[in-house]
Amino acid sequence: MAAKKQEKSGPKKRKQIPGTKSETYSSTSKKPKFLDSKPSNHRSNDFKKPSKPFKQREPGLDNEKQVPLSKREGRLRAKELAESRKKKRKRHYNLEQELAHLWEKMRRRNISKEERSKLVSEAVEKMKGKIPEIACSHVSSRVLQTCVKYCSQAEKDAIFDELQPHLLTLACNTYAVHLVTKMLDNASKKQLAGFISSLRGHVASLLRHMVGSVVVEHAYQLGNATQKQELLVELYSTELQLFKDLVSKKEGRLLDIISKLDLQKSSVLRHMTSVIQPILEKGIIDHSIIHRVLIEYFTIAEKFSATDVIKQLSGPLLVRMIHTRDGSRVGMLCVKHGSAKERKKVIKGMKAHVRDIALDQRGSMVLVCLLSVVDDTKLITKVVIHELQENLKDLVLDKNGRRPLLQLLHPNGSRYFTLDDLASLSLSIPSLSNKVESDTQSETKSSEVNRSGEEASSDLEVIVDEANTNDDDLHLVEGGKKDPSIRRQELLVKSGLAERLVDICTENAGELLRSNFGKDVIYEVATGGDGGILHPILDEKLNALYEAIASLVAEPKSEESKEESKEEHILENFHSSRTIRKLILDCPTFASTLWNKALKGKCELWAQGHSGKVIAAFLESSDPKVHKLAKKELQPLIDGGILKIPETKVASGAKE
């Protein structure tokens, strides 16, 4: 029994299938390193080609058969390669150490120019012939950047010449990109033109690269109009990429290029879509060259193409691109033509960034567009208005930050917005605006009574000619069904923004009146806004504002010189005196409060200088009550020659 158990417990042999390799070789023998099998059409998975290089046999042996290097020879070859790499690394390490030592000396602030130039020349001499390799090192590339900053023009030219064949490769390197941009900053006109020419055929691929796009944008910013056009046209069409001389500087717009060269619009659209889509998918939308391409794309895009791009941009991506002129225009077009869902994404993407956007010259115009177009006032109040309230004083005193507030107080006023700003607010996408116009015409023809809210487009727009931008109140494109006055009432008054704004003006009346930018806000608030939107709800707070200004005017005139006194009296300051004068002319309630509280019986003291214009405004007022209020005291001053006022203004005021 024990013997049987031992037999059973012994090692089991695998069953061998007839015709397999195990018949040729025993189970204990090892698999040979190389099988000399006959070639067959069927390639077996068991056979793998040797990775080592073959060595031919010596003469006299079978030369048809080749064998790999022996183990000993392979080890020797690997050892030689390892030693060569080790020596190369050691040389590179020693060079890095030497350059780092020189860098520590040359970047000191307390070093003389002569000593620094010697160190820079020594470092450049050590790097000569190895500059492309050094530029890609995260340590040595910084040394090279410092050398470029302080070296002579001849040394800069030598470095540029050595780097020029490798610039496209270096443009995509994380460390070398900083050197490339610095070289472009210091490049001559000829060198810059040569680099931009070398980008030909690679602009689209570089823009799809996260690092390479930085170099293209830098070259675009440094180039002149012709060079910018050279970079742009490559993204428009394949023909323009191959034949760059087809386009001249005069044909700046894509539509002009298509009409002049008789290009197929569909072909151009396909090419631009293939360029733009990968860029949008990767989120590389911070550069102005891409913003320009998007603006041109919208001019020829069909309805579905334009809608698809708007969907991709709506959200946090849009916030990253509204810092440029074309980027802000793209943002406004997305707000105007986007659906309610897409507008909601745009507004939510601005959360926690509203203050920074409002303080930006271009970004503030996107906020102006939002306040003028979007019907969802609850969402705007929750995200935009509340953040504006938290930083209200800073915004009121800032040139750009006051724009959204002035848009609510006095919409589209040419006094506060330039012609370019008003023109950008009137832009629209042709394919989508035509759709909107046809929809509205069909709706009005069918019936106005049975029109449903869903069918009425939420992005209704009217294309406004730039010639009409000279009007004081430009009727801009409206994006929803809600009446503009109702939208404005909800955003300004019902949200609590107006009340907070009046409080800020009352608390900081002197600072705002003396400010070049704050004076416009306090003027619009004091007059009640366009159309008297702040009346009668905030009349009590406005009266408190009038009294605060009157109390500042009632302060005694300083006898100290302007240099010794901390600040000028409010009637002697250039900005505040003119703002108060305008308030007297346009707001009778303020004029009567100011006269009774501050100026009655003191006009002779303020009849000279800037304050004299404020006093004369009472006689220039078109309101007869204001004119009558001050005439008795001011007429003797005019007769005595103390107060000077143009006769035409006196006569017009008396007649009225």
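Every residue, even glycine, has its Cβ placed from backbone N, Cα and C.
Feature annotations, reproduced from TrEMBL:
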REGION    1-91  region 'Disordered'
COMPBIAS  1-10  compositional bias 'Basic and acidic residues'
COMPBIAS  20-29  compositional bias 'Low complexity'
COMPBIAS  43-84  compositional bias 'Basic and acidic residues'
DOMAIN    98-464  domain 'PUM-HD'
REPEAT    126-161  repeat 'Pumilio'
REPEAT    162-197  repeat 'Pumilio'
REPEAT    198-234  repeat 'Pumilio'
REGION    434-458  region 'Disordered'
COMPBIAS  445-454  compositional bias 'Basic and acidic residues'
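With DSSP classes pooled into helix, strand and coil, the tally for the repeat 'Pumilio' (162-197) is 28 helix, 0 strand, 8 coil. As a summary of secondary structure, the repeat 'Pumilio' (198-234) carries 26 helix, 0 strand, 11 coil according to DSSP. Non-local neighbours of the repeat 'Pumilio' (126-161) in the same chain are 92, 95-96, 98-100, 102-103, 106-107, 116-117, 120, 169-170, 173, 175-176, 178-179, 182-183, 186-187, 191; each lies 6+ residues outside the stretch with a CB under 8 Å from one of its CB atoms. Sorting the repeat 'Pumilio' (126-161) by DSSP state (H, G, I as helix; E, B as strand; all else coil) yields 27 helix, 0 strand, 9 coil.
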